[in-house]
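Trainee: This is the structure, below, for whatever I ask next.
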């Protein structure tokens with residue numbers, strides 16, 4: 001009998017065994033050389049933690065709130081596609097595990113249309129996340145090589161079709177090319193605001209300039225994301241630009257970071273650099289593939305437990321105690337040599 005995973009990274013090996021190669025590669029792969037895919041994780045490893053000692057840490061509070069909604073910790077489930085490839089219950093299993101873990105699951109809204117927004121409002125969704133970094137599909141060579149096949153998208157039946165001719169290649173690429181909108185621009189955020197009262201978060205912000213623009217157009221929050229390194233290779237690792245974005249928004253809207261989180265220490269580092277919460281993507285999918293709903297719960301709980309322990313060992317009893325002085329980055333080290 002195989003031993004139980006003791007950290008979230010070990011779920012990846014279990015998922016690789018459980019899934020067909022085409023599906024595992026779809027989840028695990030990135031764009032082109034996969035430089036950014038590797039750097040999303042490695043950038044966290046280059047940040048060190050500066051702990052405080054002789055602090056009473058007998059009680060640790062990891063709770064927080066996002067847009068006014070309380071959650072048990074600043075760890076949320078990232079939007080990711082096609083959960084049913086990992087498990088027949090798909091997003092339903094992930095959503096149940098998120099609810100049981102008292103956290104938030106972000107649903108993907110790739111094609112913004114009035115009927116989708118109306119459906120979200122009727123279903124009780126609390127916010128809209130607009131993915132802004134997909135005017136076209138990134139070059140995902142594993143999917144091209146595997147001739148990735150996308151199943152029917154039941155949640156958008158009736159107004160979006162993925163019956164496309166792949167011409168012998170990946171029908172994911174063909175589907176994206178037929179449905180992605182390369183004309184999407186800042187004016188579409190204003191249009192979206194005009195048809196919904198729900199707060200709108202923009203996912204895919206990586207620069208000071210775009211963060212400022214997000215505030216100007218009335219976004220309720222920004223998600224620092226490079227789309228899991230699946231779009232533009234050699235874009236920056238997300239954790240390396242969190243401070244830039246945080247400085248730009250000046251506390252006017254929350255900043256959430258997505259990509260590369262594999263440890264509770266990563267969560268701590270993100271918060272120390274100014275993020276209000278993190279999104280976790282691939283580990284959730286790997287947990288779902290390996291053990292279904294229970295696997296997702298395990299992944300979330302592992303990260304929460306590690307985060308709580310990190311807070312205790314760093315001398316922080318609540319999230320407000322986590323400050324910039326608790327971490328040291330490459331830039332800090334460089335500046336100290338000047």
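Just so you know, glycine gets a Cβ as well, placed from its N, Cα and C.
Per TrEMBL, the features are:
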DOMAIN    1-332  domain 'FMN hydroxy acid dehydrogenase'
BINDING   79, 80, 81, 131, 203, 225, 258, 259, 260, 261, 262, 281, 282  FMN binding site
BINDING   140, 227, 230  glyoxylate binding site
ACT_SITE  227  active site, proton acceptor
Trainee: Take the mean position of the Cβ atoms of 140, 227, 230, the recorded glyoxylate site. Which other residues of that chain put their Cβ within 8 Å of it?
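Mentor: Surrounding the site, in chain order, are 29, 30, 31, 137, 138, 228, 229, 231.
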Trainee: Have a look at the binding-site residues (140, 203, 230, 262, 282) and report the one with the fewest Cβ neighbours inside 10 Å.
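Mentor: It is 262 that, of the binding-site residues 140, 203, 230, 262, 282, has the fewest other Cβ atoms within 10 Å.
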Trainee: If you measure C-alpha to C-alpha, which of 140, 227, 230 (binding-site residues) come within 10 angstroms of residue 258 (FMN binding site)?
Mentor: 227
Trainee: Measure from the Cα of residue 140 (glyoxylate binding site) to the Cα of every one of the binding-site residues 81, 203, 260, 262, then give the nearest.
Mentor: 81
Trainee: Average the pLDDT scores across the domain 'FMN hydroxy acid dehydrogenase' (1-332) and report the rounded value.
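Mentor: Mean pLDDT for the domain 'FMN hydroxy acid dehydrogenase' (1-332): 89.
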Trainee: Hey, of the binding-site residues listed (79, 260), which one tops the CB count within 10 A?
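Mentor: Max Cβ neighbours within 10 Å, all protein chains included: 260.
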Trainee: Select one residue from 81, 227, 258: among these binding-site residues, choose the one with the most other Cβ atoms within 10 Å of its Cβ.
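Mentor: When each Cβ's neighbours within 10 Å are tallied, 258 leads.
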